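**Q** One structure, as C-alpha cells, below. Some questions next.
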C-alpha cells in the first residue's frame, strides 16, 4: 500500500493542509510540539478510524472549530482509492466515513482498505501495562483485517455490559442471566479460538525477530494465556463463579480476563526486564505484525515510525533499518534528521523531507 495524498482540515494543530507523497520514505522533521506526530495520527485515523493517542474525537478538533476532516488517497493492488473521515461536534455529534465518495455506515466495512503498522515510544505500554494492554494489542491487530472478529468483540463487550448490570442489581434468580450467559459463551469462544490462531502465527515471526534484535541473548516466550480454555470450561466456570460474581457485581471469568504472557521461566518480563529488553520485545512484536501482514495476508502495510530510532542502540538501529529496507512506504518523525542520518542514509531510496516549524510545513527535499 502507498499513501499518495493527505488532506487535513481543522485537525489538531492544522487549520488546512494538503500534502502529496511520491517517495517511499517520508520524513517529518521539527522540534517537539510542532505537530509532527499529529500528521502520523491523521494517517492512523484513516487506517484505524481512531486515534492512537486520544479516545474522544472531539479532542482532535482544532481549537475554535466545530469539526475536522481527513482525506487520503491510497494506491494498492494497482488501484487507487480515496478514504475520508469527518467528525462534527456541534450542533449535534456526527461522524461521517466515505470510501470512493460513497458514504460508509459501518466501521467494519472499511477494514483492510488501508493498513498501517505504527511504532512509537508509547508501545512500551504493551509490555508494562499488563494483561489489559496486551489484549488491546492483540484485539487491535486482528480487528485491522478481520471484520467478523471485530463485530464479535464489540458484541461480546455489549453482552458483558448487560450481564454486569444485572449482577449489580443482586438478582436472586439465575435464570435471568442464562440468556446473557449463552450469548457471552457463543461470542467468547469465537474470540478465544481466533486469538489462539493469531498468537500462534505471530510467534513464528516474533521469535526470529527477537533473536536478531538481541543477538540471541533474550529468550522471551510469548504465550497466549486464556482465562477459559474452551466452551466447556467457560460454561463450568460461569456457573461455579455465579455467587462470587453477584458479590463483586461483575463477571470474573471469560475472554476479557485473558493474558498474553511475555517472559521466561514463568516470570513476566515486567519482573526482570531491562529497558533495552523491553524495547527489543516490543519492536519484535510490532515487526511480527508487519511480517504477518506481508507473509500471511499478502498485504504490504505502510510503516509509521514516531521518533523511536534515536532511543535505540546500534544493534537495534541496524535491525530497524533492515525492517524499513524490506518494507513498502514508511513515514518517520524526528527532531534531528542529522542524528539518524548514519542509519537512514543506508536507505538508498528517494526521500521526501518536510520541515515543520510553528505549524508551517516546508518541503525541504
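Backbone N, Cα and C atoms are what each Cβ position is placed from, and that goes for glycine too.
What Swiss-Prot lists as ATP binding site is 30, 31, 32, 33, 34, 35, 36, 37.
Thinking about packing and proximity, how do these listed features fit into the structure?
**A** Taken residue by residue with DSSP, residue 37 (ATP binding site) is part of a helix.
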**Q** What's the number of neighbouring CB atoms sitting within 10 A of the CB on residue 33 (ATP binding site)?
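**A** For residue 33 (ATP binding site), the count of other Cβ atoms within 10 Å is 9.
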**Q** Once the chains shown are all counted, how many other Cβ atoms turn up within 10 Å of the Cβ of residue 34 (ATP binding site)?
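**A** Excluding its own Cβ, the number within 10 Å is 20.
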**Q** Return the residue, from the listed binding-site residues 32, 37, with the maximum count of other C-beta atoms within 10 angstroms of its C-beta.
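**A** Result for the most crowded candidate: 37.
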